[in-house]
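The divalent metal cation binding site annotation in Swiss-Prot covers Asp14, Asp15, Ser46, Asn104 and rests on sequence analysis.
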Amino acid sequence: MTPSPVLNLLVSNDDGIFSQGVRTLANTLVAAGHEVTVVCPDRERSATGHGLTLHRPIRAGIVEDVFDPRIKAWSCSGTPADCVKFALHAVMPRYPDFVLSGVNHGANLGTDVLYSGTVSAAMEGLIEGIPSIALSLVSFTATDFQPAADFANCFVQHLWRSPLTEPTLFSINIPAVPAEQIAGVRLTRQGLQRYSETFEERYDPRGKRYYWLAGERVKEIPQPDYLRLNRRIPTDVQASQDNFITITPLQYNLTDINGVNIIEKTNWLDHLNFD
């Protein structure tokens, strides 16, 4: 039997350094024999996307007595993307084998990945050429992150032994059910979700008006045919509803190849009158 590799891993998240998800993930990985460095926001930073801190100082410090003592842990006042940048360029003496982000408390499915700090932390690793993994538990209330952490350990070992030809970000959503109720693992494509957005008008104790973003998710919307997506592969939203672990490969390049081809083929820009 091939011995398990000892991997150099960076772990971050957007739920903050004290969240149960990142603690379970990091402790599970170090217990499996890996070298683990944790750099996380010092507070909740969900839905911050890929924002960076550019106009105020970033403060960071070593965190003790939160994780397994074998783990080097830091908290950072910045965003999830800041945390990964800081880890790669100010904390770790060499780049990690993989960047992991999570385990997030709540799903990151469909177009939600565009807002997700969890996915953006992993995307920062990918931008640096490091294979990266974003892990999310499909529940905002469940508290058992162990099945997700165990799957993460299994996945990084598989990725090490069978690497893809190019670095990829894997967005992985794990059902919040007992391990025996997980239906399996599915390769998925990104779905399309929209929300019924509501800005609730409220007033603070001083009578000043403010707004609170609320709303509910609208059912998944079919994606247009011109995207030429492989319909045989289910969306992450569909497979997650059936209690599958979903694995969606993502990239940072947002170029609309279909749009480029149409514009080039029709000489569309030739008709732009700009003197």
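Using N, Cα and C of the backbone, Cβ positions are placed for all residues, glycine too.
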Helix, strand or coil at Asp15 (divalent metal cation binding site) [DSSP, three-state]: coil
Neighbours of Asp14, Asp15, Ser46, Asn104 excl. site residues, C-beta within 8 Å of centre, divalent metal cation: Asn13, Gly16, Ser19, Gly21, Glu44, Arg45, Pro80, Gly102, His105, Gly106, Ser116, Gly117, Thr118
Number of other Cβ atoms within 10 Å of the Cβ of Ser46 (divalent metal cation binding site) across all protein chains: 17
Count of other CB atoms lying within 10 Å of the CB belonging to Asn104 (divalent metal cation binding site): 29
Three-state secondary structure, which DSSP defines for Asn104 (divalent metal cation binding site): strand
Helix, strand or coil at Ser46 (divalent metal cation binding site) [DSSP, three-state]: coil
